[in-house]
Amino acid sequence: MIASGTKNFTSLFSRYKVLSLLFVIAVIWLLFGWLTDGFFLSPRNFSNLLRQMAITGMLASAMVFVIISGEIDLSVGSLLGLLGGVAAILDVRYGVPVVANFLVVILLGLAAGLFNGWWVAFRGVPSFIVGLAGLMAYRGVLLGVTDGATIAPVSPGFVIIGQAYLPLLVGDILAGLAFLLIAFLILRSRQKRQQYNLDVPPLWQEVAKLVAIGIVIAGIVITLDDYRGIPIPVLVMMIILGVFTLLAQRTVFGRRIYAVGSNLEATRLSGVNVRMVKLMIFGLVGLMCAFAGLTTTARLAAGSPSAGNLGELDAIASCIIGGTSMRGGSGTVYGALIGALIMASLDNGMSMLGVETFWQMIVKGSILLLAVWVDIATSAKS
Amino acid sequence: MSDYLLEMKGIVKEFSGVKALDGIDLKVHPGEVVGLCGENGAGKSTMMKVLSAVYPYGTWDGEILWEGKPLQAASIRETEDAGIVIIHQELMLVPELSVAENIFLGREITNGGFLDYEAMNAEAARLMAELKMSHVNVAMPVSHYSGGVLQLIEIAKALGKNAKLLILDEPSSALSQTETEILLDLIRGLKHRNVACVYISHKLEEIEAIADTVTVIRDGQFIGSAPMSELTIDKIINMMVGRELTEKYPHEEHTIGDVIFEVRHINCYDPLNPQMKKVDDVSFQVRAGEILGIAGLVGAGRTEMASAIFGYYKGPHSLEVYLNGEQISVKDPEAAVKHGICMVPEDRKRHGIVPLLGVGQNITMAVLPRFTQGGLINEAAEFATIRGEIDRMGIKTASPVLAIASLSGGNQQKAVVSKMLLANPRVLILDEPTRGVDVGAKYEIYKLIYELAKQGIAIIMISSEMPEVLGISDRVLVIGEGQLRGDFVNDGTLTQEKILTAALTRRQMAA
């Protein structure tokens with residue numbers, strides 16, 4: 001009995017990789033909580049932590065698709081900086097209305113992403129090179145248009161998306177709706193599977209899963225409400241998580257991202273337009289750079305020429321820690337976000353402890369290496 | 001002391017509780033050729049992976065005696081050092097390296113720390129000459145060659161390792177008849193040098209020609225072992241499938257309609273060497289419901305021709321394609337599938353399956369947009385189709401969501417065929433459809449081909465197995481050195497000799 005119990009336990013872990021990631025988060029949080037006399041675990045810091053990870057999270061949500069498809073994009077940090085800078089210039093220098101400003105920047109981001117994707121998909125330039133070129137060139141453009149100076153102050157209407165919080169009641173209602181939607185989707189897919197005589201996990205497992213999700217959502221919302229409510233950037237990130245998860249699991253485009261990453265040639269020979277798939281992935285990345293850029297500028301209330309520096313590396317590391325395979329073909333959006341949360345927790349906790357920046361970098365690098373090694377070592381056994 | 005070179009006794013290998021091998025014995029004398037037969041999924045490849053320590057000692061039960069002593073190897077390196085060399089079904093060559101570099105990969109000849117290319121090239125050339133492949137330039141990258149030549153390079157690589165026991169896993173699946181003859185001759189030569197050989201093949205004619213002893217396994221169990229002199233092909237088939245297989249080729253009446261598909265003036269040039277023509281001005285027509293066999297030696301340009309028609313030939317090429325009398329442009333596979341021209345590629349692993357996706361997701365890949373509702377995939381409808389296809393094709397899989405890579409070759413092939421059938425083809429190109437597929441599954445694929453012909457689909461079947469071409473086709477085209485060298489109606493008078501003669505006879509240039 002005991003033996004089979006532990007076996008079930010380990011198989012549960014290997015099946016739901018997310019559990020082991022949550023376990024890692026729990027360890028990190030308890031450790032920092034203990035070291036900071038509980039301050040790390042205060043609602044205020046939790047709110048901070050989520051706001052810190054929001055920008056990396058937005059980038060990682062799209063980066064995960066790039067990596068699943070077997071490519072890489074190194075330009076996202078610079079593109080984020082450029083788009084945030086353009087938004088600041090339009091706002092501060094030209095007084096463009098906020099909504100129009102956002103629309104322009106989002107379209108610009110999409111265009112830049114598609115431009116990158118065009119080089120990769122239709123001109124056959126390796127994505128590593130296209131990204132590297134973008135990393136340098138987009139940053140160069142940003143330095144050029146800002147003359148290397150900070151653009152401030154950004155108008156109050158703009159700043160909302162980076163700094164404001166949802167009214168408590170609105171946040172609670174949204175969280176409730178999100179939970180109901182998830183419950184509906186899970187139970188409906190279960191019912192559909194039963195209808196076609198497909199295997200379904202035991203009901204208690206699904207209910208346990210739902211209860212766990214409910215507790216997590218409630219826990220997050222209650223803790224955030226305890227401070228000032230759900231921060232707007234966190235809301236945006238959660239919506240992206242939902243939409244992108246649906247995109248990955250339930251759309252033709254999503255399925256093809258995985259197919260392209262697993263075997264490009266076979267996918268092409270099935271009559272799939274693989275170039276279009278790649279182009280669209282890079283388009284999505286551009287879109288997310290726009291969101292992240294706008295959020296950054298709003299958060300700083302200024303356009304900074306160094307915004308988004310090394311952002312691409314944080315995004316890639318988040319995906320990898322979150323279980324995305326560098327070989328392509330497998331990975332999840334929520335995994336990437338949990339990866340981002342792990343990175344943000346390390347940053348936040350160590351800063352709180354006054355650990356010097358160089359140590360922070362060394363620790364983060366080591367964690368990345370360790371995470372991938374653990375993944376390889378455990379998957380080789382099975 | 002036993003006089004066996006190798007004795008495997010009671011080998012048991014489990015994969016997560018499922019017994020892939022359940023107490024199998026295999027005994028080989030020095031210099032003996034043992035034919036190992038069994039349907040796909042019977043456990044032949046697993047058995048050889050146990051022997052060569054791909055699965056190291058300790059991951060399986062049973063005993064292996066090598067030259068009378070227990071062999072407990074932890075890695076392939078150790079078994080190779082002992083003299084056991086395996087040539088896998090899937091080739092293990094590095095395309096960018098030269099033929100000689102591949103042959104000496106891992107045991108390069110050096111001179112003062114530097115690679116001694118002269119010595120390696122000379123030795124490689126000698127080995128290739130032994131294989132009657134002296135036309136191969138050993139300094140050229142392997143990617144320059146294809147099909148049968150690669151297999152022989154792999155064999156040269158094994159010979160260079162001074163093997164005492166050579167394991168050949170489906171060595172002839174990519175070889176033409178002539179190349180297979182060379183291979184069989186070579187094994188006979190090795191016998192005289194006291195090199196033993198385990199020969200795994202679905203082609204029982206080859207087993208009959210070469211094996212001294214035949215061992216048959218089925219569903220991971222040892223069925224029997226007997227000298228070839230006491231066996232016949234029919235007896236072996238019986239042991240393999242456990243039932244009488246009345247005929248190898250089903251014949252079913254089907255009506256042949258009008259010409260629906262025509263290609264004119266296919267010309268393909270070598271991607272690396274644009275002066276070299278791979279396909280030389282080939283034109284042909286296919287009728288609705290007609291099964292057109294395309295025969296020829298490996299390397300004759302048939303696969304290049306098929307890829308040009310399907311829009312994915314990599315090098316310079318030109319052709320005209322007509323569907324129902326109208327010229328169409330097939331610039332890529334996407335356009336081809338849209339026009340109802342579908343293809344089941346030769347190289348299943350590289351071009352057929354998407355390994356990490358489930359069996360079901362592979363099957364619906366070409367037609368996925370069909371299942372969308374409001375932008376989302378209707379998974380219930382998709383599953384319904386998948387279940388139907390799995391039943392119809394008899395694909396053996398534990399679950400439709402199981403990654404396709406974990407299925408046997410025959411079942412993967414059925415899934416790939418199913419994928420293309422869902423796209424409602426009017427013309428179906430099958431490139432070596434039964435390559436690496438066992439006797440039982442072959443029969444099912446043939447029946448399916450007739451079924452499709454009855455529905456009026458024009459079938460173009462490329463095959464290097466002449467009995468198959470003769471057994472199935474209504475008409476046979478013969479390709480030799482990139483040229484169309486014969487167009488025969490298969491009315492019962494066509495023989496293998498006629499096809500081979502046509503393939504080898506240079507066309508008289510019209511004045």
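Think of each number as a place in line: the chain as shown, counted from 1.
Glycine residues also receive a Cβ, built from the backbone N, Cα and C atoms like all the rest.
Annotated transmembrane segment per TrEMBL: A:21-41 (among others), in sequence order. Remote same-chain partners of the transmembrane segment (A:21-41), defined as residues 6 or more beyond its termini with a Cβ less than 8 Å from a stretch Cβ, comprise 321-323, 335, 338-339, 341-342, 345-346, 348-349, 352-353.
Annotation source TrEMBL lists transmembrane segment at A:53-72 (among others). Here the transmembrane segment (A:53-72) has long-range neighbours at 80, 120, 127-128, 131, 231, 233-234, 236-237, 240-241, 244, 248, 257-258, 260-261, 264, 277-278, 281-282, 284-285, 287-289, 291-292, 295-296, 299, 311-312, 314-316, 318-320, 322, 324-333, 335-337, 339-341, 343-344, meaning same-chain residues at least 6 beyond its ends whose C-beta is under 8 angstroms from one of its own.
The transmembrane segment annotation in TrEMBL covers A:79-96 (among others).
As annotated by TrEMBL, transmembrane segment applies to A:102-121 (among others). Remote same-chain partners of the transmembrane segment (A:102-121), defined as residues 6 or more beyond its termini with a Cβ less than 8 Å from a stretch Cβ, comprise 71, 73, 75, 79, 82-83, 86-87, 90, 96, 127, 130-131, 134, 138, 274-276, 278-291, 293-294.
Counting same-chain residues at least six beyond the ends of the transmembrane segment (A:128-145), those with a Cβ under 8 angstroms from any Cβ of the stretch are 72-79, 81-82, 85-86, 89, 112, 116, 119-120, 305, 312. The transmembrane segment feature in TrEMBL is assigned to A:128-145 (among others).
Positions annotated as transmembrane segment by TrEMBL: A:165-187 (among others).
Beyond the transmembrane segment (A:207-224), the same-chain residues lying 6 or more positions past its ends with a Cβ under 8 Å from any Cβ of the stretch are 43, 46-47, 50, 171-172, 175, 178-179, 182-183, 186, 230-231, 234. Taken from TrEMBL, the feature transmembrane segment applies to A:207-224 (among others).
The feature transmembrane segment is assigned by TrEMBL to A:230-248 (among others).
The transmembrane segment feature in TrEMBL is assigned to A:279-302 (among others).
Note on the transmembrane segment (A:279-302): residues 51, 54-55, 58-59, 61-63, 65-66, 69, 71, 73, 76, 79-88, 102, 105-106, 108-118, 120-122, 150-154, 158-163, 233, 236, 240, 253, 257, 308, 311 of its chain, located 6 or more positions outside it, place their CB under 8 angstroms from a CB of the stretch.
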